[in-house]
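As recorded in TrEMBL, the features of this protein are as follows:
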- 35-440: domain 'Major facilitator superfamily (MFS) profile' (DOMAIN)
- 33-53: transmembrane segment (TRANSMEM)
- 73-93: transmembrane segment (TRANSMEM)
- 100-117: transmembrane segment (TRANSMEM)
- 123-144: transmembrane segment (TRANSMEM)
- 165-185: transmembrane segment (TRANSMEM)
- 197-220: transmembrane segment (TRANSMEM)
- 258-276: transmembrane segment (TRANSMEM)
- 296-315: transmembrane segment (TRANSMEM)
- 327-343: transmembrane segment (TRANSMEM)
- 349-369: transmembrane segment (TRANSMEM)
- 389-409: transmembrane segment (TRANSMEM)
- 415-435: transmembrane segment (TRANSMEM)
Amino acid sequence: MVLQEPVGAPSLSTAAGGAGDAVAEVRLSRLRWAVLLLFSSYSLCNAFQWIQYGSISNVFVNFYDVSTFAIDWLSMSYMLVYIPLLFPVAWLLDKRGLRIIALAGSALNAMGAWVKLGSLKPHLFPVTVLGQVICGLAQVFILGMPSRIASVWFGSHEVSTACSIAVFGNQLGIAAGFLIPPVLIPNVDDVEKLAHHISIMFFMTAGVASALFILVIIVFKEKPPNPPSQAQASIQSRPTAEYSYVQSILRLLRNANFLLLMVTYGLNVGCFYALSTLLNRMVIHHYPGEEVNAGRIGLTIILSGMAGALISGIWLDKTKTYKQTTLAVYLMSLVGMIVYTFTLSLGHLWVVFVTAGLLGFFMTGYLPLGFEFAAELTYPESEGTSSGLLNVSAQIFGIAFTIGQGQIMDHFGTMAGNLLLCSVLFLGTVMTVFIRADLRRQQANLEHEQTKVLPEAYTNPIVLEESQL
């Protein structure tokens, strides 16, 4: 899609009372899909490293001779590292752009993977913690990127779909983290044999992460030659002096609708983090010896959630019904969690697969919806800043819910722990009702379309006059 202002028409900045500088021609770049695929790939690798311990937590508990809580912290370290580093990285994203953030994220991801190769002895648990913390640092440079990449590289009619695909990489990595470790690493007592299987997984991960870092250096560009949408053109034409990062954050924190979304997003995604971290413990408790199927249940949650995210993204691009779609998906996440809670202990694994798939379709499918709704509510603020605040909320709630649910499961059983998540999702659903659909980005694109009508109205009479002469 190419949008170009008519010859002789006033520019958007002139119509808005600006200095009269012409807004750049709007055009889509073919490179946008390569950039999106590459980001999704290294995001996948990073997410795989997040859940690779939790999906077979009982195996790593035996190998390193540590508590289940220590293994849970390998997952929570990602969340903990993110919270204090959000604002510095978001500032860097605004000041230096996408490419430097992509290089840092992919480099740290590869570095953490290689460090883990030094932890293949039972007494080297601190080394694997260090590797995981480095990968957690990489995540800070990854989580806030989907909506920013979608806005900078994609047109207004495909931006929600692009954001969903960008989130896909992370979700697919979690799916691989549930599927691959139980297959590669059997639950055996021989420590040397176990170390050999763990080394295969770590070597594969480090190789893939390094290859992706090299591709980022070669392929990943800062931005396309032309802005892909009028909303993005308006942002790029804004003088740098007009933008203040601190003022941007303060404006976001004064936006009541965004604050509501930030809390509800954190509640939903925090539940997802807790469920993913503790899934192996839940399934093994009711179905002993089913480590592989526990991973497959996690895979089912993620794959069904990816389908939900894609459908939601396409639906949003066609209908722009952000509030209604977000509320419907949130409500169905609650329904899915209730059904999963009361069917987990029935003794039939196929039932758990079905209910977990239903839960994942909506709970995991909610992730890109939150990013896109935030971008609409906060335009023209940076998508990296709004996404980062959403993710900080998710990390804080994720740590609280993982610790809380883990303790409840240890003392009162898995059903009590899952009922905690049900109550949290109920609260989030009620709060979502009160978010007002103030779609500022859509309004900016609509106003530009309306400004194109005026130049055409002036052009036609002139042509008629000349033909009469």
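Every residue gets a Cβ built from N, Cα and C, even glycine.
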Could you name the stretch, out of 123-144, 296-315, 327-343, 389-409, 415-435, with the greatest number of CB pairs under 8 A to the transmembrane segment (165-185)?
296-315
Recorded stretch, among 33-53, 100-117, 123-144, 258-276, 349-369, maximising Cβ pairs under 8 Å relative to the transmembrane segment (73-93):
123-144
Based on Cβ pairs under 8 Å, which of the stretches 123-144, 197-220, 258-276, 389-409, 415-435 lies most in contact with the transmembrane segment (349-369)?
258-276
Same chain only, please: residues at least 6 beyond the ends of the transmembrane segment (123-144) with a C-beta under 8 Å from a C-beta of the stretch. Say none if there are none.
42-43, 46, 49-50, 53, 64, 66, 70, 74, 77-82, 85-86, 89-90, 93, 101-102, 104-109, 111-116, 170, 383-385, 387-388, 391
